[in-house]
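Each remark here refers to the structure printed beneath this line.
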């Protein structure tokens, strides 16, 4: 595996990316309102903005802002949103060598409504993301095989995510799988191909059929997921932190986080995943528990500002103790 140097050092395109994401790019269309509308109701919002999102790109951007050499394998439309997105990735120092454009679909979009408490409802139209295919992945095999960590989600086709995970595992690359948006009938291979299986409470509910509302119920859901073949299961619980369970230590452990005033929780889970990937790649000797504590902290910073990627902190904005 190619050496990846020090986090945060400017890097050349020929250097191997330590964190590789195979996933989605979405243009966020965000409306801020005092409260969320009811069915059939029209309400006034007080602000609108267009931002950059998509679980894959979000996770990649957070890892890059912490100092990771990062690359993304994704597909956007051959349109203004797609062109703007490629420029956004470059500005975040993310390799776009395998960022493809297609004329067959528009760049993916996410329509987001956020209330005064920072709660949100989201509708995504995946668009070009679903056109990322096996041929695209094969072209990107060199960057996937040389990574230290590869992240996948489910905003691209499940078949593409499964193929990417298979490629990574075959090359000895650590895999971090975020099963979002969750599917009740998830292919069993996703569990066995994931070095770390990381989901939130609502995703854990869909996957297991059991209610998840606190660390205790999260631990029970994690046990079910572990029994399906995962090596490590992490269930995030928002303001309550997260729960971890592993084959090596099959007793659920709750890792709390600091209480903060949330302004906008959109993308907080992606901030957590991106931070975790950064620590897995650059601080492999840290305990997983410590990595999760630090990832909790970074995600908590992100909820204190509006927007998705716009809320993600840079290394320079964070305490030195995290590095």
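We count from 1, first residue shown onward.
Each residue, glycine too, has its Cβ placed from N, Cα and C.
Taken straight from Swiss-Prot:
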- 270: active site, proton acceptor (ACT_SITE)
- 26, 27, 28, 54, 55, 56, 57, 58, 155, 270: substrate binding site (BINDING)
- 200, 236, 237, 238, 239, 240, 241, 257, 269, 270, 296: ATP binding site (BINDING)
- 264, 266, 302, 305, 307, 311: K(+) binding site (BINDING)
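Around residue 296 (ATP binding site), a 10 Å sphere centred on its CB holds 22 further CB atoms from the protein chains shown. Of all Cβ atoms in the protein chains displayed, 22 besides its own lie within 10 Å of the Cβ of residue 237 (ATP binding site).
For the pair formed by residue 269 (ATP binding site) and residue 57 (substrate binding site), distance between Cα atoms is given as 13 Å, rounded to the nearest Å.
Same-chain neighbours of the K(+) site beyond 264, 266, 302, 305, 307, 311, judged by a C-beta within 8 angstroms of the site's C-beta center, are, in sequence order, 263, 265, 267, 268, 303, 304, 306, 308, 310, 312. Here the binding-site residues are 200, 302, 311, and the one ringed by the most other CB atoms within 10 angstroms is 302. Taking Cα separation as the measure, the residue listed as 'active site, proton acceptor' is nearest to 55 of the binding-site residues 55, 264, 307. DSSP classifies residue 266 (K(+) binding site) as coil under the three-state reduction. Nearest in space to residue 307 (K(+) binding site), taking C-alpha to C-alpha distance over the binding-site residues 26, 28, 155, 200, 241, is 28. In sequence order, 257, 259, 260, 262 make up the list of same-chain residues 6 or more apart from residue 239 (ATP binding site) whose Cβ falls under 8 Å from its Cβ.
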